[in-house]
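Data block below; observations after.
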Amino acid sequence: PSGAADMPRTRVGKRSDRREGRAGGECGPSGRAGCRARGGRAATVGNTAVSALGILFNTGAGQHILKNPLVVNSIIEKAALRRTDVILEVGPGTGNLTVKILEKVKKVIACEIDPRLVGELQKRVQGTCLANKLEIKVGDILKTDLPFFDACVANLPYQISSPFVFKLLLHRPFFRCAILMFQREFALRLVAKPGTKLYCRLSINTQLLARVDHLMKVGKNNFRPPPKVESSVVRIEPKNPPPPINFQEWDGLVRIAFVRKNKTLSAAFKSSAVEQLLDHNYRIHCSLHNTVSSFLIYSISVYCDLLEYNFYPILPCQEIPENFKIAEKIQTVLKDTGYSEKRARSMDIDDFIRLLHGFNSEGIHFS
C-alpha cells in the first residue's frame, strides 16, 4: 500500500506510446491531416479521394484518371491518328491521354467541366511546344455545341455516356471515328445483337446510325482512384451517308417496343398511354393532310378558271369516321406487316424499318 503511490501509472506509458507512434509516421484519426500535408498516399473520404499530388478527385462526377501508359498507348494506336487531325477529347483530367495525343496530331480540343483539372492540364503543357496545339473549353459538353473535329478520343465520365453518344452521332459535319472508354456493361449493350440478353433500345439506335466495335477490356486498377466497375474501349464509326429515316419517328417506335422487350408487339401497343399518343398524332396528321388537300384543290381550280377550263376535284381528303378506334387500326397494321406476335428482343434494324413504314403508310406517326 505504501509503495503503490510510488509506482508509475500505466496511463503515462500509453501516452508515451502514442507520441512514439506519431513520430514514426502512423496515420490515426488525429494524424490524417499531417499525412496529407506531407503528400502521402491517397486517403479515401466518402465519395472523394486525395491523390499523391494533392488533387481532390470527385468520383461522384466520374473523375477516374487513366494512369496505365500501356492502355493509353493502345487507345492512341487503335485511333489511327493523323498529323492533320483535330481531336475532340471530353474529360481530359490531368492530361495523361491528352499529352500523348498532342504529340501525334495538329490540334486537340479538350472539354473539361472542373476548373481545377483545367489548371493542372495547363500547367502540364505550359512552356512546351505542345501548348499551342491545345485548346481547352470549360463547361458541360452536353450543354454546348460540338466544334468541328476529325475524331474523338476520350475517357468519358460514365454518367454522360448515353446522351453524349447520341449527341455525337447526330453531330454534323461527320467525323471519322470515336474511340471511347465506357463502363463494361454499357459497352456490351452498344454492340449487343438481336436475341441476346443485353440487346436493348440503346443497341439498335446506335447500330442504326453507326458501326460499333468492342476493342479491348480495361480493368479497374488502371485508374486512379479505381472505379467500382470494369471498363471497355469501343470504336464508333458513323454511317455516311446516314440511313434515310426520320430519327424522331424511329426512336418513338423503338421506345414503345422496348418498354417491355419480352412482350409481343401486339401486347406492347395495347397500352392506354400508347393508344392515346398515336390517336392524337393520327388526328393531327389527318387534319394537316385535309388542309393541304383543300389548299391544293383551291389553287388548281383558280388556275383552271383563269384558263377557262372545267375542273372536277378528285383528290381524296382523309376524314375520320365517328366510330374510329385507333386500337383497331394499330392491330390491323401489326397483323398486315406480320409483326403482331414478334418480340422486340429478337427484331433487327430491317424489321423495325418495315414496321415503321407500315405504320406511316396508314397515317400513324410517332413524333
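Cβ atoms are placed via backbone N, Cα and C, with glycine included.
If you look up TrEMBL, you'll see 1-37 marked as region 'Disordered'.
According to TrEMBL, the feature compositional bias 'Basic and acidic residues' maps to 14-23.
Around GLY91 (S-adenosyl-L-methionine binding site), the same-chain residues six or more apart in sequence whose CB sits under 8 Å from its CB are GLY62, GLN63, CYS111, GLU112, ILE113, ALA154, ASN155, LEU156, PRO157, listed in sequence order. Taken from TrEMBL, the feature S-adenosyl-L-methionine binding site covers HIS64, LEU66, GLY91, GLU112, ASP140, ASN155.
Positions annotated as domain 'Ribosomal RNA adenine methylase transferase N-terminal' by TrEMBL: 71-240.
Every protein chain shown contributes to the tally, and the Cβ of ASN155 (S-adenosyl-L-methionine binding site) ends up with 27 other Cβ atoms within 10 Å. Its own atom aside, the Cβ of GLU112 (S-adenosyl-L-methionine binding site) has 23 Cβ atoms within 10 angstroms in the protein chains shown. Cβ environment of LEU66 (S-adenosyl-L-methionine binding site): VAL72, GLY93, ASN96, LEU97, ASN155, MET181, VAL218, ASN222, PHE223 lie under 8 Å away, each six or more residues apart in the same chain.
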